[in-house]
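Visitor: Below is one structure. I have some questions about it.
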Amino acid sequence: MTAVPLGLPEVPVRPVAERRVSRRIQVGPVAVGGGAPVSVQSMTTTRTSDIGATLQQIAELTASGCQIVRVACPTQDDADALPVIARKSQIPVIADIHFQPKYVFAAIEAGCAAVRVNPGNIKQFDDKVKEIARAAKDHGTPIRIGVNAGSLDRRLLQKYGKATPEALVESALWEASLFEEHGFRDIKISVKHNDPVVMIEAYRQLAAQCDYPLHLGVTEAGPAFQGTIKSAVAFGALLSQGIGDTIRVSLSAPPVEEVKVGNQILESLNLKQRGLEIVSCPSCGRAQVDVYKLAEEVTAGLEGMEVPLRVAVMGCVVNGPGEAREADLGVASGNGKGQIFVKGQVVRTVPESKIVETLIDEAMKIAEQMEKDGVSGEPAVTVN
Ligand code: SF4
């Protein structure tokens, strides 16, 4: 019998890049900018006036790792629902206001953690900035200036011909300057476009021209597959230059999916501690097991596991033992058997039919011991 120290799997400590230096604001209890961790946002799809359904969806988003949630506020009924939603939500609520400045005041009064305004859509907005700045300052409510290619100010559309990066940036900074005139700087900015190339350039220009925290988004990114790729590419390009303080993946899919993708993007860039990570090979002509099935079954069996565990599922003995050894837990398959590795050591060899249950069993043991011994403990597993 040999004791294999489990310890805590290595926590990634080197993020993809030094973060851009930005001003810090507080969205409720969540710090944004100024070196605070990049946070994941989403938006509810319920009618905000349906308080029960909205709070239910917010609870689901919270459970999936959403840190800030936005709710639409197109009607008086929605505005009337904001105080209860803001009070009962487990995460900070941002009210999303288009067209009607009166709802900005209502959202601030309601105790929303922030208000998003779209300069292109609030025509009388510029005249109200002084009052909004005062109300927001009195309540400690930050404002997100959310410029969107699809609703760019007509004046800028005429000037630039279309929603170019320069046009998006000019719109945002013009609006910010109106607030600055009244001494208000609790601002976060987004300049969203559906084309990642335009969006990336817009944020790069914006980042160079101000120190406000930036909320990243590829707007109308599309259905889950396309939207995930567009967002991952665009956010990756920007975050790898340190640009971005909050992110929202916009998908034509349930918002919980947006949150999962957002968290995965941050984990991939070491901007968030990784949770469960399955390292599985793509399979090839050398595979001696059905790797897809194995990886799917192990993923399903470990769903919901919160410890930062790296599990390697490899199809043969070419790269299998190497990858399995590097992971916290792994299997290298061959000849109808699976060699199970824990922290780099073979702890047992099992028939193919027992691989999944053995991996899950070992993963549970590691998780249990981690919880029992604390994150810095050195628990051990017994080798048969
Ligand atoms: S681990 Fe083996 S089966 Fe999987 S891709 Fe590599 S060579 Fe192919």
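Yeah, the Cβs are placed from backbone N, Cα and C, and that goes for glycine too.
According to TrEMBL, the domain 'IspG TIM-barrel' annotation covers 23-262. What TrEMBL lists as domain 'IspG C-terminal' is 277-363. What TrEMBL lists as [4Fe-4S] cluster binding site is Cys281, Cys284, Cys316, Glu323.
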Visitor: So which of the binding-site residues Cys281, Cys284, Cys316, Glu323 sit close to ligand 1, that is, with a CB under 6 Å from an atom of it?
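Guide: Cβ under 6 Å from ligand 1: Cys281, Cys284, Cys316.
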Visitor: Any idea which of the binding-site residues Cys281, Cys284 has the thinnest Cβ neighbourhood at 10 Å?
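Guide: Each of the binding-site residues Cys281, Cys284 was scored; lowest Cβ tally within 10 Å is Cys284.
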Visitor: Please count the residues of the domain 'IspG C-terminal' (277-363) that DSSP assigns to helix (H, G, I), strand (E, B) and coil.
Guide: 30 helix, 28 strand, 29 coil
Visitor: Given the recorded [4Fe-4S] cluster site (Cys281, Cys284, Cys316, Glu323), which additional residues of the same chain have their Cβ within 8 Å of the Cβ centre, ordered by sequence?
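Guide: So the extra residues in range turn out to be Pro282, Ser283, Arg286, Ala287, Val291, Met314, Gly315, Val318, Asn319, Gly320.
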